[in-house]
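Visitor: Supplied in structure tokens, the structure appears directly below.
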């Protein structure tokens, strides 16, 4: 009996020693890691700090990191970016939300720092290397996108000019995808001029100037899209999205790897609803996207562009032809609409659509207000 008790005590003692040895070993490894970080000229971020964790109203936990498949929607303003993001927002698994406005500004600053040799030298000398800046940009952009709206399985950002930085963003977020909204530049320019959408660098009193600036902006974005590659960047033609919404959205969701939902065809029914489409009262497209997809804005520009500009169109905006638009057609033949779009258009012309309760009375009061976008050099 005494021998048996001794064996039990001996076994318990050995187990205790083993546990203490394991704990001591773990502490030694942790101390080494800390000391290595202290000796290193740059501290290392712990892996768990690289993820954002958010809990939705449904008590589901969402984890976001640099490897997540973010969606970036952009293009020249007045090219259908708001319609595109509203359609995506209608999907139960996607959240885009309003324009952040700050992301394209920060991207422009980052680009300016890298372009200036003197500034880059100063930053490098101060230890603010490209690696440091990129890590900060990555964290900042992810934080803004994730926290400016409700969490969702798939996050999307819509700031028109972000797609001037598609190559850089694809480096920060390697699994991200991009939707470049493309629209007939004549329609985009007519819309920004008549709706007084101020964009830095665009002279809204001149069709010629605005078309020249449109050409420069879409040229940069299209080149970035091509460089990123067809597997990651999809040009989406506004006209085709409006004429054939079901066909276009099936292609878009397939490209994004997102399952089909009929809700994307009826974004107007989900405006202002929980988990639906949130609209900003200060974005100039809001009064249009509360309506079902319709033909109202497709060819409004015809007959309004000055004759000398129409005559020189191919030289002023060569990107029109490159994107497949006929610079001399007034109006071009964009194609025949689906029956549902014809029906929607008839409803809109009769005023047969609902204004969300939170926006009622707003459009009458603010119809003459302006909205601005940050352009870039």
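Yeah, the Cβs are placed from backbone N, Cα and C, and that goes for glycine too.
What Swiss-Prot shows for this protein is this:
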- 1-8: topological domain 'Cytoplasmic' (TOPO_DOM)
- 9-25: transmembrane segment (TRANSMEM)
- 26-377: topological domain 'Lumenal' (TOPO_DOM)
- 78-82, 183, 191, 195, 238, 285-294, 300: 3'-phosphoadenylyl sulfate binding site (BINDING)
- 96-156: disulfide bond (DISULFID)
- 99: active site, proton donor/acceptor (ACT_SITE)
- 101-105: region 'Interaction with peptide substrate' (REGION)
- 158: site 'Transition state stabilizer' (SITE)
- 225-233: disulfide bond (DISULFID)
- 285: site 'Transition state stabilizer' (SITE)
Visitor: For residue 96 (disulfide bond), name the DSSP secondary structure in the helix/strand/coil scheme.
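Guide: DSSP assigns residue 96 (disulfide bond) to coil.
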Visitor: Which sequence-distant residues neighbour the region 'Interaction with peptide substrate' (101-105)? Criterion: at least 6 residues beyond either end, Cβ under 8 Å.
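Guide: 141, 144-145, 157, 159-162, 164-165, 374, 376.
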Visitor: Give me the CA-CA distance between residue 225 (disulfide bond) and residue 288 (3'-phosphoadenylyl sulfate binding site), in Å, as a whole number.
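Guide: That comes out at 27 Å between the alpha carbons.
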Visitor: Translate the DSSP assignment of residue 225 (disulfide bond) into the three-state scheme.
Guide: helix
Visitor: Need this for a regression test: recorded positions 78, 233, 285, filtered to those with Cα within 10 Å of residue 158 (site 'Transition state stabilizer'). What's left?
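Guide: Cα within 10 Å of residue 158 (site 'Transition state stabilizer'): none.
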Visitor: For a quick check of packing: other C-beta atoms within 10 Å of the C-beta of residue 291 (3'-phosphoadenylyl sulfate binding site), how many?
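Guide: Its Cβ shell of radius 10 Å holds 21 other Cβ atoms.
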Visitor: Determine, using Cα-Cα distances only, which of these recorded positions is closest to residue 191 (3'-phosphoadenylyl sulfate binding site): 96, 99, 156, 233.
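Guide: With Cα distances computed to residue 191 (3'-phosphoadenylyl sulfate binding site), the winner among 96, 99, 156, 233 is 99.
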Visitor: Using a Cβ-Cβ cut-off under 8 angstroms and a sequence gap of six or more, which residues of the chain neighbour residue 81 (3'-phosphoadenylyl sulfate binding site)?
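Guide: Residues satisfying the criterion: 73, 74, 75, 158, 160, 181, 285.
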Visitor: In whole Å, note down how far the CA of residue 233 (disulfide bond) lies from the CA of residue 156 (disulfide bond).
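Guide: The Cα atom of residue 156 (disulfide bond) is 14 Å away from the Cα atom of residue 233 (disulfide bond).
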Visitor: Of the recorded positions 78, 233, 288, 291, 294, which one sits closest to the residue listed as 'active site, proton donor/acceptor' when you measure Cα to Cα?
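Guide: Its closest listed neighbour, by Cα, is 78.
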Visitor: Measure the Cβ-based neighbour count of residue 99 (active site, proton donor/acceptor), defined as the other Cβ atoms within 10 Å of its Cβ.
Guide: 26
Visitor: Count up the helix, strand and coil residues in the region 'Interaction with peptide substrate' (101-105) according to DSSP, in that order.
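Guide: In the region 'Interaction with peptide substrate' (101-105), the DSSP-based counts are 4 helix, 0 strand, 1 coil.
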Visitor: Counting across all protein chains shown, how many other Cβ atoms sit within 10 Å of the Cβ of residue 233 (disulfide bond)?
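Guide: Taking every protein chain into account, the count is 24.
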